[in-house]
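Report on one structure; see the data block that follows.
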Amino acid sequence: MRNVNGEYLVGLGSYDMTGPAAGVNMMGYGNMDQVTQGIHFRLRARTFIVAESVQGPRFAFVNLDAGMASQLVTIKVLERLKSRYGELYNEENVAISGIHTHAGPGGYLQYVIYSVTSLGFVPQSFDAIVNAIELSIVQAHDNLKPGSILINTGDLDSAGINRSPSAYLFNPSEERAKYTRNVDTLMTLLKFVDLKSGKSIGAFSWFATHGTSMSRDNKLISGDNKGAAARFFEDWFSSSIKNYSTSTHRKVKESRIKATGGQTCTKTASQSSKVRKNDRSKFVGAFCQSNVGDVSPNVLGAFCLDSGNPCDFNHSSCNGNDQLCVGRGPGYPDEILSTKIIGERQFKKAVDLFTSAEEEITGKIDYRQVYINFTDIEVVLDGNKVVKTCPAALGPGFAAGTTDGPGVFGFQQGDTEINEFWKKVRDAIKEPSEYQVDCQKPKAVLLDTGEMFWPYAWAPAVLPIQMLRLGQLVILSVPGEFTTMAGRRLREAVKETLISNGNGEFNNNTNIVIAGLTNTYSQYITTFEEYKQQRYEAASTLYGPHTLSAYIQEFKKLAQSLAKGDKSVAKRLSPPDLSSVQLSLLIDPSGDTPPPGVKFGDIKLDVKNGPLKKGDKVNATFWSANPRYDLLTEGTFALVEMLQGDIWIPVYDDDDFSLYFKWEGPLYSSKGSYGLATIEWEVPREASPGVYRLRHYGSYKTTKDSPVTYFTGTSSGFNVNR
């Protein structure tokens, strides 16, 4: 049998999921002012599928360059998969997990609390994600072939710190003594190998650190540090992507190469110019999220903006002001450099694990999944004491935000009381029931989201939990952000249950991985002890002080079922599909027209003359239209071209870390609205000397109902020296 010999069917896939690059609120920080204004690098959905055989058990794991999974996204993806494959892929054996970037377009979750800042549901964001997940799974399915899988683990101690260390200290000292750090440093990596050719075809890794290297003020779409790590890893594996021969370079005086002016082009022109064309055969490298709740990539610590001193330890504030306490990444004050550094640290560790991987995955593929109403679970604690979870609620520490992204003035992490003004504001929205107030203690209820249903549900009640087995690896799909210690307790409880019920199939070498923010989103999960301090993570633990105990209890039931081979897991509930009641208040662009005497694609500000060296920046600004008319999926808004002989060759696009597409608009003239697109390139170390130019692709409509017209234009040429 394949699973006994370590041979499986393995398939990988990847697809562009970059959403609207203009005017859409980003998901993560809850900052109304943080709306998309361009792209740093594109977002992708990356999938692996493993199967014991053509007819045997299988599962699909999807890693999204998104803030988190969405229940509505999951529902619609499963509907599409059912229409393609019948029951082959379903809610039990498909996991959709977010990397937790805070720099992706929002508006794709179905509950009100997650769509307030995006002005409701944004169909374009939603469709981009659903399409990408579906097509990445289709690719992986079509690519299924005999393969082997290797697993490796190792510690990375420089990519995350605990942003709530005072809450961590609330955990029992004897428990803390078992660990050397107050964050998990273990990275777990799977390496996928084509059995016939012996070539590696992909790698997925899990490691806990927040996607908050890019700040709440950033407006460029970005996969943050994990998206960057994936880009670096895939480019490292396909290192020939930038190896251009210098033998055909012509020595051309840059002043002779003028800007082309705006020109019409085809819909597929930008896809044809893409440097990394999606030919379904490329190496797929994914960096997945884990128990990330209290782990920050801003590893230099949190400091006060006014004094430069470290923030208050217990409240992460500066003289009572939470907005002045901000974490610093390793590239401080350059957030893009911080993103690069934390991404590189994960990438380099993954390369180390990838190149040294020797342990082969063998054994069964299996899975369990169940939906549970988390607002009313009876939890049996040690000593047979019975407690209950609560309807969802958020405390004042939620409003304070974190050191990664400070929140509203007047709140601090650790607040357990609400002043009279905010109580009146709260009660005007929804006064919590006495039951809710008592159930959530010591959290003070600031937003009673679990008891708010107008215009539709504000928070989830029914959540999925899922367990995927791949030989000696077990993946726990959780719909939220477990803190470090909460994740440790869950892993230990599951492993103990598997070992004690598995008839020797599981042992201490069984690898248990938490896949955070998977299948839907329900915010945070702290330990009972951390909940007492009511820092941000505890104030955002929706279902009360016993939330973690409920997860452990229910996951132990799945683990027991998996270990015993018992598939009779109770299917009690299904989550609601709220697509029919979603409100969408964001206005779509209704037609763009360039100013008189100008064409879209014309240069407004050309590149500066003079040769460039490595590390220099060059930019050009084009007359352009709103990038929401066409997302140019698997294409590019920005391009760097290099002259080779008489031909301009694409060498960098808006999927490169060195190239930026920046959008400004809408602007207005006597003829209508338009925008400006700035293409900025930081010449990377590996760039070959020669002649280059910048190109912009875009599209527009003259009215809301007119057809889309595609355009392009280039800058003048410029030289890059050695």
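Easy rule for this one: first residue shown is 1, then count along the chain.
Positions of Cβ are set from backbone N, Cα and C atoms, glycine also.
Just so you know, TrEMBL annotations never went through curation; they're auto-generated.
The domain 'Neutral/alkaline non-lysosomal ceramidase N-terminal' annotation in TrEMBL covers 8-553.
Around Tyr524 (Zn(2+) binding site), a 10 Å sphere centred on its CB holds 25 further CB atoms from the protein chains shown. The Zn(2+) binding site annotation in TrEMBL covers His100, His210, Glu481, Tyr524.
Residues or ranges marked as active site, nucleophile in TrEMBL: Ser296. Using a 10 Å radius centred on the Cβ of Ser296 (active site, nucleophile) and all shown protein chains, the other Cβ atoms total 24.
Annotation comment: TrEMBL describes 555-720 as domain 'Neutral/alkaline non-lysosomal ceramidase C-terminal'.
Measuring Cα to Cα from Ser296 (active site, nucleophile), the binding-site residues that fall within 10 Å are His210, out of His100, His210, Glu481, Tyr524. In sequence order, Gln289, Val292, Gly293, Val295, Gly480, Gly516, Leu517 are the same-chain residues whose CB sits within 8 A of the CB centroid of His100, His210, Glu481, Tyr524, the residues recorded for Zn(2+) being left out. Across the residues of the domain 'Neutral/alkaline non-lysosomal ceramidase C-terminal' (555-720), the predicted structure has a mean pLDDT of 94. Around the Cβ of His210 (Zn(2+) binding site), a 10 Å sphere holds 29 further Cβ atoms from the protein chains shown. Of all Cβ atoms in the protein chains displayed, 29 besides its own lie within 10 Å of the Cβ of Glu481 (Zn(2+) binding site).
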